[in-house]
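*Asks:* What follows is a structure written as structure tokens; I'll ask about it next.
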Amino acid sequence: MLLDYVPVYVMLPLGVINVNNVFEDPDGLKEQLVQLREAGVDGVMVDVWWGIIEQKGPKEYDWSAYKSLFQVVQECGLKLQAIMSFHQCGGNVGDVVTIPIPQWIYSDYMKSFRENMSEFLKSEVIIDIEVGLGPAGELRYPSYPQNQGWVFPGIGEFQCYDKYLKADFKAAAAKAGHSEWELPDDAGTYNDVPESTEFFNTNGTYLTEKGKFFLTWYSNQLLNHGDQILDEANKAFLGCKVKLAIKVSGIHWWYKAPNHAAELTAGYYNLDDRDGYRPIAKVVSRHHGILNFTCLEMRDSEQSSDAQSAPQELVQQSHSDDPQEYNHAIPPLKRSGPKIPVDDLLEATKPIPPFPWDSETDMKVDG
């Protein structure tokens, strides 16, 4: 295979297995898959919904419909990227649940997937396992839920005001010698613009010692969540020739604003002088994984100037200038590397030059 070859995968419809756990139209799908193969497509990506597989009761997994689907994909000569989807179908519209899924659920589900799909793992039909880590399957907080009234380009809201995270923050603040610090009460609401809040406005709270401490704590909670679940995935698929993957949201609105407000409320502590994405990449690299980013096809010229949106610059920033730093071959999956010390993650927040974007040659995916 050519070194610069880019494999092409097509996303299957979200409801290819319906809510009753039935593979409704295998013949119709097979016809479409054959056409994809003839067009030179390498494989397909499919959501494997926890809410469908375990709907009958705790640990009552029914994989039969997905097994039939995988067999059809295999017969058509295509590869599979399987998404472990723990979020509510509908993603951005339905991402209002803030109660985390217990870690054992992730672990048991992925172990059951391996046991029941072993033939497709051994034959290397399944090449990627993308682990859903939050709303829309993305590693982020549910900071901009549409069915709670959020409308683009609102800054969103911090998601840390339940009693457990309040207690965790108070303990962290006390340990840092500031027991008087509380969670922010000046960060506005879902549809505010940054300058209308005390937290995000010019010389706002986010630039103070207290604000920086809070944002570091808030983003670290998200990093720790991703790290722990990826560790469970690594254990579940140990020895399989697959790549683990996660999805990071391309939150491009307010990127041109100094405060990067929408990124901060989602848990990405990214500012002009602080890289919020390299720590995520380092965590993923520890588990021999890959990072999928969601706004690669977007262009600045397509966005409203009112949103201070910059998807191209965001992609430039998140693209590593040295891909080998995070790139790994696909041998049998090994155990995760040593846990990354917090100091090393903080070191990764130092900005690096962005990958150059050539307006003449870097085209949209759809032309």
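Placed from the backbone N, Cα and C atoms, the Cβ positions cover glycine too.
The compositional bias 'Polar residues' annotation in TrEMBL covers 304-318. Under the heading region 'Disordered', TrEMBL lists 302-367.
Any idea what these are sitting next to in the structure?
*Replies:* Long-range contacts of the compositional bias 'Polar residues' (304-318) within the same chain, counting only residues at least 6 positions beyond its ends with a Cβ under 8 Å from a Cβ of the stretch, are 152-153, 248, 250-257, 270, 275, 277, 281, 293, 295-296, 298, 354-357.
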*Asks:* Taking DSSP states H, G and I as helix and E and B as strand, how many residues of the compositional bias 'Polar residues' (304-318) are helix, strand and coil?
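*Replies:* Computed counts for the compositional bias 'Polar residues' (304-318) are 11 helix, 0 strand, 4 coil.
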